[in-house]
Amino acid sequence: MRSWSEPDDDGSDLASSDGSASDVDTSDDEDFSGVPLVAISFNITKGIVGIGILSLPAGVAEGTGLIPAMIILVLMYLAMLYTFWSLGRCCEATHCKTHGGIAFALRKSHVFGSIMEITNITGTIFGCAGYAIVIGKSSQGLWQSIGVEDGWYASARGSFVIILCFILLPLCLLRDLSKLAFTSFIGVACELFVVFFMVCRYFGGDYHPGGQFYDPKNSASSTGIELFTIDSSVFFLVGSCVNAFVAHWNSPKFYHQLRNRGTRRFLIAVSLGFSMALVLYLVCMAVGYLTFGAHCHGDILHNYSAHDDLASISRVAMLFATIFGFPINFTGVLFVCGVRECDCTPAPCLRTASLTLLGFSSRRRVAQLDGSCQAGCGFV
């Protein structure tokens with residue numbers, strides 16, 4: 001873990017090698033003017049909307065009515081938006097760039113700062129492990145769908161290694177978040193396509209009685225729809241909704257790379273990013289549950305027929321969305337580990353740390369703990 005200390009007299013807890021304060025995070029270009037507001041918003045949306053979006057209908061199917069579930073989701077949206085923006089306000093007020101520096105400036109406590117750092121490191125690393133699982137398993141499923149099951153490249157680990165080397169690693173080595181804006185836009189577009197597909201299938205009636213893909217064992221018509229029920233399963237949904245909006249380890253980085261940054265501009269960027277995520281979440285939750293009712297799987301796309309061509313395309317789109325979400329989460333790993341916190345970080349050091357952390361995050365035993373650790377870190 002990196003060391004951090006009380007902010008310097010000029011208000012910055014980070015300095016370059018010549019002793020001068022660094023106002024913005026490292027960029028590949030020497031003349032770095034900051035990341036545009038819209039680009040930051042797309043990066044925030046992609047950092048938030050990940051593999052958890054497809055599990056929201058299952059959270060409702062556990063027993064919570066659709067209306068209370070949507071209200072809970074909106075409340076979590078408001079709370080997490082405010083806390084994400086508040087971290088930017090803390091950065092401006094304390095002139096710090098890290099959670100540890102902010103914690104020390106506010107509480108004058110190294111213990112509190114250490115708790116913040118450990119929480120962020122744990123959450124981001126296990127988040128990357130979760131992405132690695134989904135990318136590997138999804139890629140393996142695509143190989144199997146075209147009849148390829150033999151060969152190391154068709155396995156979950158082999159598929160992930162190939163994607164890691166040729167796609168993830170080059171993206172994760174980028175220091176400038178503006179260069180991830182395009183891939184973030186593609187990722188959000190893929191997720192938008194998946195949600196659009198779900199809406200079309202619902203209103204088209206393809207999975208309702210009489211539809212071409214109707215299955216009585218996989219339809220809301222056989223279980224009914226609960227609109228206002230609330231029971232103990234609501235805590236499962238609350239946990240899912242909280243975790244759905246957690247990307248706070250990247251908040252200081254997003255704030256400091258925002259062009260012409262200030263708390264008002266940051267609030268606009270955060271509001272746009274969180275609002276795009278909220279719309280996707282609400283539609284996916286509602287349409288998925290209304291289509292399949294209590295039969296909703298943890299990955300709602302598993303409910304759709306293997307003979308549904310658009311469903312297959314949606315699975316591919318979700319794979320690309322997950323791939324393009326990995327670098328946003330991984331840049332949080334590098335940031336909280338101190339690899340990207342100052343301009344003096346040598347490029348070889350960045351590459352070495354990236355390779356080490358990427359390899360660690362893809363380990364199977366680490367990945368198995370992802371769910372519980374993500375929930376715990378989100379709570380902290």
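Including glycine, each Cβ sits where the backbone N, Cα and C put it.
The model shown is predicted, which means the values in this text are computed figures rather than measured ones.
Under the heading compositional bias 'Acidic residues', TrEMBL lists 1-12. According to TrEMBL, the feature compositional bias 'Low complexity' maps to 13-24. Annotation source TrEMBL lists domain 'Amino acid transporter transmembrane' at 41-331. The feature region 'Disordered' is assigned by TrEMBL to 1-29. According to TrEMBL, the feature transmembrane segment maps to 66-88, 109-134, 154-173, 180-204, 224-246, 266-292, 312-336.
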>> Ranking 66-88, 224-246, 312-336 by the number of C-beta pairs under 8 Å to the transmembrane segment (180-204), which range is first?
In response: 312-336
>> Need a quick answer: max count of Cβ pairs under 8 Å to the transmembrane segment (224-246), which of 109-134, 266-292, 312-336 is it?
In response: 266-292
> Counting Cβ pairs under 8 Å to the transmembrane segment (66-88), which of 109-134, 154-173, 266-292, 312-336 comes out on top?
Replying inline: 266-292
> Which of 109-134, 266-292, 312-336 has the most Cβ pairs closer than 8 Å to the transmembrane segment (154-173)?
Replying inline: 312-336
